[in-house]
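First up is the structure itself, then whatever we jot down about it.
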Amino acid sequence: MVKNICCIGAGYVGGPTMTVIAAKCPHIKVNVVDINTKRIEAWNHSDVSKIPIYEPGLSDLVQQARGRNLFFSTEVDQAIKEADMIFISVNTPTKTYGVGKGMAADLKYIELCARQIADVAEDDKIIVEKSTLPVRTAEALKNILDNTSKDVKFQILSNPEFLAEGTAVQDLLNPDRVLIGGEQTEEGRMAQKALVDVYANWVPSDRILTTNVWSSELSKLTANAFLAQRVSSINALSELCEKTEADVNEVARAIGTDSRIGSKFLKASVGFGGSCFQKDILNLVYISRSYGLQEVADYWEQVIIMNDHQKRRFASNIVKTLYNTVSGKKIAMLGWAFKKDTNDTRESASIYVADDLLNEQAEIVVYDPKVTAEQIYADLDYLNTRSSEENRKGVTVVNDPMECFDQAHAIAIMTEWDEFKDYDWKSIYNKMLKPAFLFDGRMILDHDKMEDIGFKMYTIGKG
Ligand code: NAD
Ligand code: UGA
């Protein structure tokens, strides 16, 4: 039975996942380790509301388990030595150099973990791939471990994570399924069972699926590709709706009631963001091409092409509607996170829309309930479109949303934060220059009511 778990990587996945394991399995000691000292300090902050990741319900669980059987530290070697089971939950970003640049997953952090484990492990370990990885990565991991370790045996499992940010705790407590891929040998099945037993502390057994390693690795990329494809599909139709006076919400409801299609993940938007959809589909495209499967690669690549188009067309629609110039015009952007209830901004559509508007010399004011000014500037600087001084000149970040609207020409709703729905829109309208334009990229406001107030209203997917 597993008694001691180590997780390498204390990020959006490692942190919440291990917190839930520790909360549900008080008999297992869980060590979460990371090389990022600042992040570990934040996980250990005496004020639990200061932990580095905002997720509803997370701080309560951390409070409950931290110091009991949940520990955050930078002592990676020590945690590896002590553990029976090691989760690898490090980042696997898109490569920014060399072969596969801009497409393939960068596996250098994974390989570093494997080499470190091989270097310090003194007894047999079960290694769990928690990060999202290209299919057949377990083969490479095994090669490294078997060829560089002392006289130690490793079993490699694939246990991809399906949580979504903003609902991570709920997703972990009550998952649709847990997937565990293992080698189809006696030892492989024993390792698989050890991990099944961990999850069985709170997940019903019919929701714990076991497969071979390759199916499990590929299922993770496939799940994200299917989800993102739905968003791109509905976004493609949102543009057609705008031309034809159909309403994308009504279309989504009409098709979603067909139980074969289902109603979830059919919300048109300013484009999907987040750290994974784009990276995982690019990875799928790259893998398919590397096997010579051109049509398969082209098929999935279209999901990304459509998403880029959706972001770009939202920005260009703002420019076009504001009489073809936004130069010197104040535009309030509500929301910077890639979705509500998270402080994560990775690949958020806001970044690209702001960048396009800055190219047109707009003066942008941003408000997001959870994202810091530092993060917003870092996101823009990362694009390298202009100097960081120019980004700071063009973008003001405010802590009070009501500071956004004075003399603004337009408002763009970028993230579907609930609080935006409850604003006093009449008084906001009064503060703005006229005509007052409102671009709802998330369909969260009542279009007709806003028009009654006097706004010139654009809602995505509404003719
Ligand atoms: P993250 O960047 O938030 O966290 C990764 C952490 O790993 C960082 O804190 C980094 O310092 C640490 N790290 C990197 N190399 C290390 C090393 N050698 N030793 C110790 N620590 C090291 O990333 P994330 O969002 O948690 O994603 C992790 C993986 O999970 C990715 O493969 C991602 O695709 C996948 N995933 C993410 C989500 C999500 O919602 N973010 C959901 C499912 C799967
Ligand atoms: C997604 C998946 O939902 C998770 O199952 C997966 O584990 C995770 O990626 C991952 O591998 O990282 P996440 O990116 O956190 O989770 O959030 P989603 O809820 O999937 O939203 C992704 C993006 O799509 C957001 O920008 C969201 O606003 C957008 N979206 C989602 C829409 O525009 N319309 C929808 O109907 C749904």
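Including glycine, each Cβ sits where the backbone N, Cα and C put it.
Please treat TrEMBL annotations as automatic predictions, because they have not gone through curation.
If you look up TrEMBL, you'll see C276 marked as active site, nucleophile. Residues annotated as NAD(+) binding site in TrEMBL: 9-14, D34, R39, 90-94, 131-132, E165, 276-279, R346. Summarising the annotation, TrEMBL assigns substrate binding site to 161-165, 220-224, R260, 267-273, 338-339, R442. The domain 'UDP-glucose/GDP-mannose dehydrogenase C-terminal' annotation in TrEMBL covers 332-447.
This view paints the features noted in TrEMBL onto the structure.
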{"residue": "N91", "record": "NAD(+) binding site", "CB count, 10 Å": "17"}
{"residue": "T94", "record": "NAD(+) binding site", "CB count, 10 Å": "19"}
{"residue": "E161", "record": "substrate binding site", "CB count, 10 Å": "23"}
{"residue": "A164", "record": "substrate binding site", "CB count, 10 Å": "15"}
{"residue": "E165", "record": "NAD(+) binding site", "CB count, 10 Å": "24"}
{"residue": "L221", "record": "substrate binding site", "CB count, 10 Å": "23"}
{"residue": "N224", "record": "substrate binding site", "CB count, 10 Å": "22"}
{"residue": "G271", "record": "substrate binding site", "CB count, 10 Å": "28"}
{"residue": "C276", "record": "active site, nucleophile", "CB count, 10 Å": "24"}
{"residue": "F338", "record": "substrate binding site", "CB count, 10 Å": "25"}
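The predicted model assigns the domain 'UDP-glucose/GDP-mannose dehydrogenase C-terminal' (332-447) a mean pLDDT of 97. Calculated from their C-alpha atoms, the gap between N91 (NAD(+) binding site) and C276 (active site, nucleophile) amounts to 10 Å. In this structure the alpha carbons, written CA, of N224 (substrate binding site) and G9 (NAD(+) binding site) are 21 Å apart.
The Cβ of Y12 (NAD(+) binding site) has 23 neighbouring Cβ atoms from other residues within 10 Å, across all protein chains displayed. Classification of N91 (NAD(+) binding site) by DSSP places it in coil, neither helical nor stranded.
Of all the Cβ atoms in the protein chains shown, 26 others lie within 10 Å of the Cβ of G9 (NAD(+) binding site). When the Cα of L221 (substrate binding site) is compared against those of the binding-site residues D34, E165, Q278, the shortest separation belongs to Q278.
In this structure, F338 are the binding-site residues from G9, T94, A268, F338 whose C-beta falls under 6 Å of some atom of ligand 2. Helix, strand and coil content of the domain 'UDP-glucose/GDP-mannose dehydrogenase C-terminal' (332-447), in residues and according to DSSP, is 45 helix, 19 strand, 52 coil.
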